[in-house]
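Take a look at the structure below.
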């Protein structure tokens, strides 16, 4: 036996020795390693993953089920599902908005919504306006049933934020802004043509127009200037000797510094708005306030067109009422231009007799002044004359 010899032997020699302890450990381990190396599982596309643990791939004995189905589909790469849920893929694969299942019922049905009378939902899920007395009690204005669809989508499509979005809806917004831009360009072109016509004898554009067309020194958007740079500011004018500029308030004052001058030429260069559109807007604003007190909610800033129309209607109705009142007064009392009858008495004197009467009156006044004690008789009826409208 080899193990009885005194010669040195390695483990490899011991494993090759057929007479080694009759256990045959060495050759069995080696052969097992070679066999395992040859039978090592490989990853094959489309096949089950060989590295899934046994406690996952095999159900335990207490969970055995004769009608067991595959429960590990979420751990495997399944077949690619066609996109679903979007209008771009399938037109009818998403919820139809605003479509009803059919015509509305004529009377209330048992089990329907107590508020609107539709069978597709209950009272707590009703999206209609809450009624004081619902369709269950009134039996009127019963709404049609909504179309309930069962859309089967994948896991990703169910969580897609843009699922069901129709990009053609946004085309309306783009068209509206394109129309606005076209009108703005047309308006700007008309203004430029008007300015060119108004400039008589000027063949070259001004410096301001050159800056606008060329972009100026800066390529960015420039803000419009508050004043022309060629104009001299108020506090540098030579004709304002009696004025001084106060930097703190940015205003022009007199030499004493106490009086604020509001004149646009000699003062601060600011003139308060008055007349024109300002007065019209103040009247419109006052009318809106008075109308709001009467219960008519009107806001001239939020909706100026409606406020202007109501204001015009109010003025027209007031003018019509005033004209009707004046007409009724004229019909009742007249306009005061009717001919009055000439009173009985002497005829109206001529211009010569009027001159003689005035001369006699002047002479009598002189006599009275010279003779204070002299008594005068009353003037005759010819001298006491009343001038009528018909004689003029």
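Think of each number as a place in line: the chain as shown, counted from 1.
From the backbone N, Cα and C atoms, a Cβ is placed for every residue, glycine too.
Database features (TrEMBL):
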type	residues	note
COMPBIAS	214-225	compositional bias 'Polar residues'
COMPBIAS	254-271	compositional bias 'Polar residues'
COMPBIAS	317-327	compositional bias 'Polar residues'
COMPBIAS	348-362	compositional bias 'Polar residues'
COMPBIAS	363-380	compositional bias 'Basic and acidic residues'
DOMAIN	154-344	domain 'Pre-mRNA-splicing factor SLU7'
REGION	185-227	region 'Disordered'
REGION	245-278	region 'Disordered'
REGION	312-392	region 'Disordered'
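DSSP labels the residues of the compositional bias 'Polar residues' (317-327) in these numbers: 11 helix, 0 strand, 0 coil.
Across the domain 'Pre-mRNA-splicing factor SLU7' (154-344), the prediction's mean pLDDT works out to 74.
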